[in-house]
Ligand SMILES: CC(=O)SCCNC(=O)CCNC(=O)[C@H](O)C(C)(C)COP(=O)(O)OP(=O)(O)OC[C@H]1O[C@@H](n2cnc3c(N)ncnc32)[C@H](O)[C@@H]1OP(=O)(O)O
């Protein structure tokens with residue numbers, strides 16, 4: 001495996017900027033247990049968690065060996081070995097419309113200690129990560145956010161959304177398709193590779209998803225094998241759906257919460273459900289909805305185009321809570337736009353405004369009948385003008401151009417832009433990172 005992202009030196013602009021405040025920006029040495037532990041403790045503290053036991057921290061260290069961890073250090077602090085700010089980044093494949101993928105820069109673990117907030121440290125780190133992604137030739141940076149107010153100023157914008165569902169199961173009767181396969185209870189180890197292969201199929205079929213290798217923390221925690229997840233893993237139940245030929249086509253991970261006053265009022269919480277076929281989808285949903293002693297099913301992180309409500313007899317038995325989920329930041333317009341495929345042939349001149357400069361310019365975008373696209377700098381009068389944020393929201397086809405025109409982030413022919421950026425599959429990111 002080549003690791004240019006590990007070999008690339010720390011961003012010099014932000015290093016120099018933070019040095020003027022007596023702070024040191026540097027890459028964390030993940031081969032050093034101590035360097036990793038202090039960084040990991042700072043992340044836990046930044047997200048208001050508690051420090052992990054040493055053994056768990058060591059297990060976690062093994063899982064981030066290929067990631068780029070950065071810390072900001074203050075030698076004048078009472079604990080100078082502990083970073084006052086952190087980031088955690090890695091290159092990850094992002095799925096795009098047309099079944100294509102492109103490596104993007106995943107940014108996570110952004111924390112600044114309460115003692116050092118609101119003096120520009122996060123700005124220095126995030127701008128450093130954007131320049132790092134550019135230096136690595138990655139056209140897009142991506143993240144999921146703790147607060148939706150932080151990242152627009154850096155050019156990020158929501159590109160895929162997610163829903164939490166709450167379903168009153170006593171109100172619903174299954175009206176969806178009958179299925180002919182079987183649901184099996186399985187162990188995490190039984191799902192480790194088989195489940196990953198199913199998730200990989202849905203990853204390729206769904207724009208906006210991020211690849212999680214089968215040894216990665218992001219994958220393992222979905223099936224109860226995350227470091228430090230022992231208590232929640234004990235409660236986790238895993239089921240796999242096999243079709244009538246015995247081929248695994250889907251799986252779900254869920255847990256049950258008891259109502260002490262009434263044993264018939266359990267809540268079943270679906271932590272993960274992945275279905276590679278419509279039959280697996282129907283079978284897994286029916287399985288959880290018809291669980292005895294359960295009156296409520298909650299499901300986290302579900303796609304916005306979930307067909308479930310059309311498979312039960314009471315549309316209003318499903319309460320939907322929707323929020324932004326995947327945020328994108330375009331860094332290289334030609335590389336980002338040519339990474340996906342298109343449904344219509346067109347030639348359009350786009351003006352992109354990027355205060356940080358990475359994506360700024362005017363581009364001729366030509367799409368053809370086969371879904372291909374070429375993009376080149378162009379001096380013509382633009383047909384459409386947009387912020388770099390708006391282009392990030394359009395890339396996966398998950399945000400209508402007419403919405404962005406209404407906000408003023410885009411000017412131009414909304415219908416034409418919608419035809420161009422439309423994705424036949426609604427974008428969806430199946431994990432947090
Ligand atoms: C991808 C992820 O990891 S998401 C997780 C983000 N981290 C967290 O939520 C953990 C708790 N919060 C923190 O650690 C810090 O408060 C951070 C990282 C959000 C901000 O760190 P700071 O160093 O204080 O931010 P910094 O001083 O660089 O501020 C940069 C800009 O963001 C703004 N900003 C900072 N925090 C917030 C916030 N919570 N909400 C809205 N705006 C914010 C600042 O006003 C500033 O704006 P400006 O430069 O346009 O005037």
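Using N, Cα and C of the backbone, Cβ positions are placed for all residues, glycine too.
Annotation source TrEMBL lists domain 'N-acetyltransferase' at 23-177.
Following the DSSP three-state reduction, the secondary structure of residue 121 (acetyl-CoA binding site) is helix. For 110, 111, 112, 118, 119, 120, 121, 122, 123, 146, 147, the entry in TrEMBL reads acetyl-CoA binding site.
Taken from TrEMBL, the feature active site, proton donor applies to 151. In three-state terms derived from DSSP, residue 151 (active site, proton donor) belongs to neither a helical nor a strand segment and is classed as coil.
What TrEMBL records for 433 is active site, proton acceptor. The Cβ of residue 433 (active site, proton acceptor) has 92, 106, 108, 143, 144, 210, 218 as same-chain neighbours under 8 Å, each 6 or more residues away in sequence.
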Cα distance (Å, whole number) from residue 151 (active site, proton donor) to residue 110 (acetyl-CoA binding site): 11
Spatial neighbour of residue 151 (active site, proton donor) that is closest, considering only the binding-site residues 112, 119, 121, 123 and their CA atoms: 123
Other C-beta atoms that fall within 10 angstroms of the C-beta of residue 147 (acetyl-CoA binding site): 6
Neighbourhood of residue 112 (acetyl-CoA binding site) by C-beta distance under 8 A, where only residues 6 or more apart in the same chain count: 46, 72, 84, 85, 121, 122
Residues among the recorded positions 110, 112, 123, 151, 433 that border ligand 1 - Cβ under 6 angstroms, in sequence order: 110, 112, 123
Around the Cβ of residue 110 (acetyl-CoA binding site), the count of other Cβ atoms that are within 10 Å: 23
Neighbourhood of residue 123 (acetyl-CoA binding site), C-beta criterion under 8 angstroms, separation at least six: 154
